[in-house]
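A short write-up of the structure that comes next.
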Amino acid sequence: MSQGQPRRPREDEAQPIKYGDVFSVSGQLADKPIAPQDANMMQTAETMIFGQTQKGGPAAVMQSAASRNEKAGLVRHDQATDVAGSEGVTVTETDVPGSRIITESVGGQVVGQHVQPTPVAQATAAGFMQQNSITIGEALEASAQTAGDRPIDQSDAAAIQAAEVRATGSNVISPGGLAAMAQSAAAYNAGTEREQDKIKLTDVLSGATAKLPADKAATRQDAEGVVSSELRNNPGMGTRPGGVAASVMAAARLNENINM
């Protein structure tokens, strides 16, 4: 082989699933592997708009691809594509007469579009929906949607407590609040053998915004605090896809993109 020629990958070498493999995108994005944090950001964005991840939608496709890439050792669990991180993962709404158009984009390129026949909110003068920052409470509710069927353990309880402290600005845990409920649920589950008898995330986090005495837009500092708490209490030393820390981090990243 002559000097200076790039080595061509062998046919038996695993190749990551790239954006260009599953979406009609071009440029740099097409050659980027779909990463777990990209998928988490899209999953959170879809949940904020639709109330849940859309079956067969961009978030579901990205989660499947990112999971395969991670299992093959081609991307890290905490990895985000530079294009998605710098240019954003967004879901935007536009009202037109008689319908609402929802557009999902990564790095400014459209990866999905839905048309709903009836507008569900009032449009601005320019015809675009006002996109507000995502709060910590809303991120917790998104986690209830994406990972709600999983029993609460100590790492979840620690992450929920950190999220409540960040949302309220107080280190005092309110009796009967989210953190107290999560701690009680984790203790109960630790002594319960049957999975079907355990308390699930959705049992505690559904309607989280209303259960918090105060709330605020999720920031990167908030997310890092929640991630740190979840990791300290997780023997596997990794945040769970769609879990509390991942959802708050995804919300923080989306807020950064909204406010750019």
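Backbone N, Cα and C define each Cβ position, glycine as well.
Annotated in TrEMBL:
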type	residues	note
DOMAIN	17-71	domain 'SMP'
DOMAIN	134-190	domain 'SMP'
DOMAIN	199-257	domain 'SMP'
REGION	213-242	region 'Disordered'
COMPBIAS	213-223	compositional bias 'Basic and acidic residues'
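When DSSP labels each residue, the region 'Disordered' (213-242) comes out as 13 helix, 1 strand, 16 coil, counted as helix, strand and coil in that order.
This prediction places the mean pLDDT of the domain 'SMP' (199-257) at 85.
Sorting each residue of the domain 'SMP' (134-190) by its DSSP state yields 39 helix, 2 strand, 16 coil.
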